[in-house]
Amino acid sequence: MEDLAKFLFGVSGNVIALFLFLSPVPTFWRIIRRKSTEDFSGVPYNMTLINCLLSAWYGLPFVSPNNILVSTINGAGAVIETAYVVVFLVFASTHKTRLRTLGLAAAVASVFAAVALVSLLALHGQHRKLLCGVAATVCSICMYASPLSIMRLVIKTKSVEYMPFLMSLAVFLCGTSWFIYGLLGRDPFVTIPNGCGSFLGAVQLVLYAIYRNNKGAGGGSGGKQAGDDDVEMAEGRNNKVADGGAADDDSTAGGKAGTEV
């Protein structure tokens, strides 16, 4: 019964995480249509890519037995994020943006290759699992912490305009599903980061409940409603906030953070 419950929560986590991975599609359709990345940042997609690669590697049977569902969704996520990065490279608005994205992609490939090679050639058994698990967990926690800038923006503007309800709910449900999956599998490398994700998702929902009647109250956003642009903010766009300043560069909302396991 415990194995069945673990499997069901893993499948649930896969479905919700896939929704989160695909949430930036409207943003990239806009980039392709306009043939420019405009003021979007490619950093969140590179960061999500390294997290997906490390998590997918960790879930492989020769690293962490009985965690194949971790590999399936993160493998799919790695393919999707790679496509996003390629779009950024092709349609970069400036040469500097293209070089920066290419440099980050090279760093991602180097870090993943280093972890994979060391774990394969120098480590075995629990030592291999420990290295890969720690690497994946550190990246996951960093990704889950990224919505803090969006939450700060919500508190500052007293508006949930940049934090769509469905995205926040999906982050909470995804983090919770993988948290329970990790508990049932007694795997701290799945439980710890996703426990953080579930908690931050819950905080986002609380903030939404507090400020839900203040959509568009931030002023300088031109009355923009939840929709593609909200998702774009969630994916790291350098959006302008009410006081005329820029939101934190390269920030990501729960949409991406919520996919890491």
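Glycine too: its Cβ is placed from the backbone N, Cα and C atoms.
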Swiss-Prot topology check: TYR162, ARG212 same side of membrane: yes
Helix, strand and coil residues within the domain 'MtN3/slv 2' (133-215) as assigned by DSSP: 70 helix, 0 strand, 13 coil
Segment proximity, the transmembrane segment (190-210) to the transmembrane segment (130-150), 3 or more C-beta pairs under 8 Å: yes
Arithmetic mean of per-residue pLDDT over the topological domain 'Extracellular' (64-71): 93
